[in-house]
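To start, the structure itself, in structure tokens.
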């Protein structure tokens, strides 16, 4: 990896090009996908900043495939990403948390060798009160033979991701991504409209500070999950307590824990035995980033990135963040809820991620 001094100014384009040079066989298609996502992120950031003035806050009258009321910015952000990618010739298909089925590349446009899965605006229900929101994305290589993307191309385990990332829209706009060569963060400089390298080779602190969990569901958790949370809070006398920080925006909570050290938890319970978060649009991309930053991610029974998806909008429990805190999950005998994609309990043992190649 090319090293940069503290005074060097490195745009995301320059950084991607330098990484691409590490792979002589690279065609530049994956680099192009990352450029397009950076552009889409800037466009969405502009909409988020002006939402209160442009009458695009609040909800629509529509309900998405997840059974959630769509926010106006959900729809706008989804359209921005689709239009940024559907004609570039790098993708053969897309899938969005907001869409019920695969988004096919229009006839007349070249189909590429990658598929893109994305959550256009995670945490959008918080936008009216200025809580940070974000875009999450995941990229896989096509595995089917036809020219156009198929469901099989989407339903790949997370360990096969060739790129993943998120854009967080808060006090500043920041893009974090990985291609399997570490996790790197770029902050948008609004004066020049460019993402600049601000957080190279991010590593989650080994000593965690934060616990992110929604305590409102405590009454629905099984006793082992309650015991796990007591451990995190230091109530069982086994450790010093973590500080509870939870805002209900997955990107915001994960970003804080990524930089400051911590664990994000969204356990399964009897009312939601499959969990709540989406495996393909949320858990897999953030798990890839976490592992590249020295952290871990589990569904309580095994490594998130080893789960074989069976549905486009499959849900999963999620424990994500600092390695030692996620490893603690294996010490508690969580109930084996019957849920597609959850492997037999293997603790949180993880194999090294398969190296990906920029191409």
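Glycine residues also receive a Cβ, built from the backbone N, Cα and C atoms like all the rest.
All TrEMBL annotations are machine predictions without curation.
The domain 'Fructose-1-6-bisphosphatase class I N-terminal' annotation in TrEMBL covers 11-200.
Taking a C-beta cut-off of under 8 Å and a sequence gap of six or more, residue 121 (Mg(2+) 1 binding site) has these contacts in its own chain: 44, 71, 73, 74, 77, 78, 127, 133, 134, 135. For 97, 119, 121, the entry in TrEMBL reads Mg(2+) 1 binding site.
Sequence annotations record features per position, and here TrEMBL assigns Mg(2+) 2 binding site to 119, 122, 282. Within the same chain, residues at least 6 positions away in sequence whose Cβ sits under 8 Å from that of residue 119 (Mg(2+) 1 binding site) are 96, 97, 135, 136, 137, 278, 281, 282. The DSSP secondary structure for residue 119 (Mg(2+) 1 binding site) is strand.
What TrEMBL lists as substrate binding site is 122, 123, 124, 125, 214, 246, 276. Around the Cβ of residue 124 (substrate binding site), the number of neighbouring Cβ atoms within 10 Å comes to 25.
Per TrEMBL, domain 'Fructose-1-6-bisphosphatase class 1 C-terminal' is recorded for 204-331.
Mapped onto DSSP classes, the domain 'Fructose-1-6-bisphosphatase class 1 C-terminal' (204-331) shows 53 helix, 22 strand, 53 coil.
Using the Cβ center of 119, 122, 282 for Mg(2+) 2, the list of other same-chain residues with Cβ within 8 Å runs, in sequence order, 97, 118, 123, 134, 135, 136, 166, 250, 251, 277, 278, 281. For the pair residue 246 (substrate binding site) and residue 122 (Mg(2+) 2 binding site), the Cα-Cα distance reads 15 Å. The average pLDDT computed over the domain 'Fructose-1-6-bisphosphatase class I N-terminal' (11-200) stands at 91.
Under the DSSP three-state reduction, residue 124 (substrate binding site) is assigned to helix. Each residue contributes its Cα atom, and for residue 276 (substrate binding site) and residue 122 (Mg(2+) 2 binding site) those atoms are 13 Å apart. The Cβ of residue 214 (substrate binding site) has 246, 248, 266 as same-chain neighbours under 8 Å, each 6 or more residues away in sequence.
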